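A.B. asks: Sharing the record's features from TrEMBL:
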| type | residues | note |
| --- | --- | --- |
| ACT_SITE | His123 | active site, proton donor |
| DOMAIN | 288-456 | domain 'Mre11 DNA-binding' |
| REGION | 500-520 | region 'Disordered' |
| REGION | 542-609 | region 'Disordered' |
| COMPBIAS | 562-572 | compositional bias 'Basic residues' |
| COMPBIAS | 573-601 | compositional bias 'Low complexity' |
| REGION | 653-700 | region 'Disordered' |
| COMPBIAS | 658-675 | compositional bias 'Polar residues' |
Amino acid sequence: RDDEDTFKILIATDIHLGYLEKDPVRGNDTFVTFNEILDHAQKNEVDFVLLGGDLFHENKPSRKTVHSCLESLRKYCMGDRPVQFEILSDQAVNFHYSKFPWVNYQDENLNISIPIFSIHGNHDDPTGADALCALDILSCAGLLNHFGRSTSVEKIDISPILLRKGRTKIALYGLGAIPDERLYRMFVNKKVTMLRPREDEDSWFNLFVIHQNRSKHGATNYIPEQFLDDFINLVVWGHEHECKIAPSQNEQQRFYVSQPGSSVVTSLSPGEAVKKHIGLLHVKGKKMKMQKIALETVRTFYMEDIVLADHPDLFNPDNPKVTQAIQAFCMEKVELMLDNAERERLGNPRQPEKPLIRLRVDYAGGFEPFSVHRFSQKYVDRVANPKDIIYFFRHREQKEKNDSDLNFGKLVSRPASEGMTLRVEDLVKQYFQTAEKKAQLSLLTERGMGEAVQEFVDKEEKDAIEELVKFQLEKTQRFLKERRTDAEEEKIDEEVRKFRESRKKNTEEEDEEVREAITRARAHRSEDAILVAASSDEELIDTGLRGTGDSDDGLPATLSRGRGRARGRARGARGQNSTARGSSQRGRGSTSQGSATSSRTYKPVSVPAKSTSIIDAFRSLKPQPSLNSSKSYFEDIIDDDSDLEDISIVPSSKAKQRLSTTSSLSKRGSQSQTPRGVDFESDEDEFDPFKSTATSRRTK
C-alpha cells in the first residue's frame, strides 16, 4: 500500500530526445513520448523519476530538442506539491562536479514537485575541453539532478545518494556510461569500489543504475552481471533497448535486474519490436514491487522474416517470372502487417497513425532481389519508414567439409545479437590484421589508433589522430635519445620495434597516452576558437579604419598609401646608427616591403608546427655550417654630419649588374610618378630614397 514509508519511483531509460527530429513523419515521436512519461509521473504522484541514461540522442542536441525538453520539465516537474523524502548523504560528494552541489528541490529559488535523478549515457556523455554534457545544462538550470559521473579513469569510487522516507532508506548508486573495455578491465583489476553506509548497512535498500552493454558483443565489450557486488538489491540496466522491465534474479549474485528498454524505436531490429513499457517501482523497507506501465504514444513496429528457400513450392529460381512472384508475396506480407497495426490503433487513439514496417528477405539459393525503391513508392502514404520496408540479405552458406576436418571442441554457439554491431576500433584492428606488411604500423599501435579514430568519428575531435601521432613520435624520440641509439636506420628501426611491442603489452600506459593525446586535441581546439574570435575582431577594426581613414591632401587612398610608405621609410632610416642604416639599405626592395607591412593591419595566421621524423631529430643534433660564409660582397658605409646620408655599397663583380639595374629602375619609377601628381615633400631634413641611388653612384 502507498503510505508514508513507501517510495514510489518512476523508472525509464533511453528516451533519445531528438531522434530523427527532421523527419516529417517521425520527428516529434520522442517529445510526445517524453511528455507521456512525465504525465504518468505526475498522475501517480511519484516521489522522484529515475532515468538510466541517453535522455538525448545526440551528444550536442539541437536548439529545438533542448527547448522541447526544458518545456516538458518545467510543465510537469515544477509545482507546489511537497517532496516527501530527505537526503542524508553529503551532497557535496554526490554532486561535487556541479557549481550547485545540492539537490534541486532543496534550492530556495526553485519550486520543484517531482525531482528527476539521471545518469548520462553513451549518446549524451561529457565531451570537450570542459567535459560537459547536455545533462549539465539541465542540472545548472535546476530542472534535473545529474549524478553517477566519474572523473577518474584509473579508479572509480561510487558514493551513493542516501534517501529516507519514513522508515524506508534507499542507497541510490549510479554510474554513467564508460567505454565497456575500459570498465571491464577496471572491474577485473578491482578498481571499482561501491561505498556503503557505515551505520546499519544491512537496513538500506541498495538500488544501482548502470548504462553499459549487458549482452556480450565481444570478449570484453560488455559488463557481466557477476562483476557487480552481491549486496545490491535491484539493478536498473540502461543502454539495452529491448524491454525486459520485469525484474529477473541473477542466480549467482542473488540480486534482481530490470531492463526497461528504450521508449522509442531507434533501429529496425527484433529487440525494438517488443512492446515498450516504463516501470513504477514501490519500495518499502527491503521489499519492492515493479508495476509495468505500457506506453501508448509509441509508434507501432511490426517485423517479419522470410526465407525464400523455405518455399520451394512457390518460388523456383529457374522461373523467369520468379521475381514478380516474390514481389507479390512480399506485398501480401506487408498488407497483413498493416492490417494488424490498424486494428491495434483502433483501441488506442493516442498512437501515431503510420506504423513502422520491416520485412527481412533472405534470398539465398539463386534468387535475385527486386527494386526496393519501386516497391516502397506504393506505401509512402501508409508507412512511416517507406524507404526501409524491405531489407534483402543473403545467408552465408557454409562450405562443405569432411567430418575428419571438423574440430567439435571449437564450435561455440553465438547469440543472434553478436556480430551485428561493428565498432570503429574493431574495423581499424581488422584492417591492420589483414593489411600487407608494407601497410602495417611501425610506430603506433592498433589499439591507440583505433581509439583515436573512434574519438574522431563519435565526438568530432578533429585533432585526435594528429595529436596522437605527435605524442607517440615525441615519446619515441625521447626513448631513443635516452637509449643513446646510434643514428643508423637499422638500429633505430629495431629499437622502435622493441619499444612498440613493450607499449602494446602495457595496456594501461597505452590508454593513458590516448587520453593525453585527446586532452591535447581538445586544448588545441579551444586555442583555435580563441584565435578565430581574435581574428574576426581585428578584421572588424581594420575594416573600420579603412572606411574612415582620410588622406592628408585629399588624394585617393592608393596614392596616399604609397606616399605614406615612402615617408615612413625615410624617417625610419634617420633614427638608426650607421651600422643599422647600412643593413637596412642593403636591399631597397626588402626595406620597402617591410615598411609597407608596417603600415597595414593583417589578421594573425596560425602556422602548424612542422613535425620532424626520427632521423631528422638525430641529424638536428649535428652542428650546422654558418650561413654568413657564403656572402660574396661587403659593405662600406660612409657617414657624415649632413642631413642626407650617403650610403656607398661596393658589391662584387656579380652584384654590380644587379645594383645598376636597380638604380635605373628607381630612376624610371621617379620619372613615371611625377606626371601623376604625386608630390613627394622635399624637406632637407628628410631622406629622399630616389636621390640616394644617384648620390651613391657619384660617391662610388
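Using N, Cα and C of the backbone, Cβ positions are placed for all residues, glycine too.
Help me understand the surroundings of these features in the structure.
C.D. replies: For His123 (active site, proton donor), the same-chain residues that are 6 or more apart in sequence and have a Cβ closer than 8 Å to its Cβ are His16, Asp54, Phe56, His57, Glu58, Asn59.
If you look at the region 'Disordered' (500-520), the same-chain residues 6 or more away from its ends with a CB under 8 A from one of its CBs are 153, 182, 185, 441-445, 447-448, 451-452, 455, 461, 463-464, 467-468, 470-472, 475.
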A.B. asks: For the region 'Disordered' (500-520), jot down how many residues DSSP puts in helix, in strand and in coil.
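C.D. replies: Summed by class, the stretch gives 20 helix, 0 strand, 1 coil.
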A.B. asks: Find the average pLDDT over the domain 'Mre11 DNA-binding' (288-456) in the predicted model and report it.
C.D. replies: 82
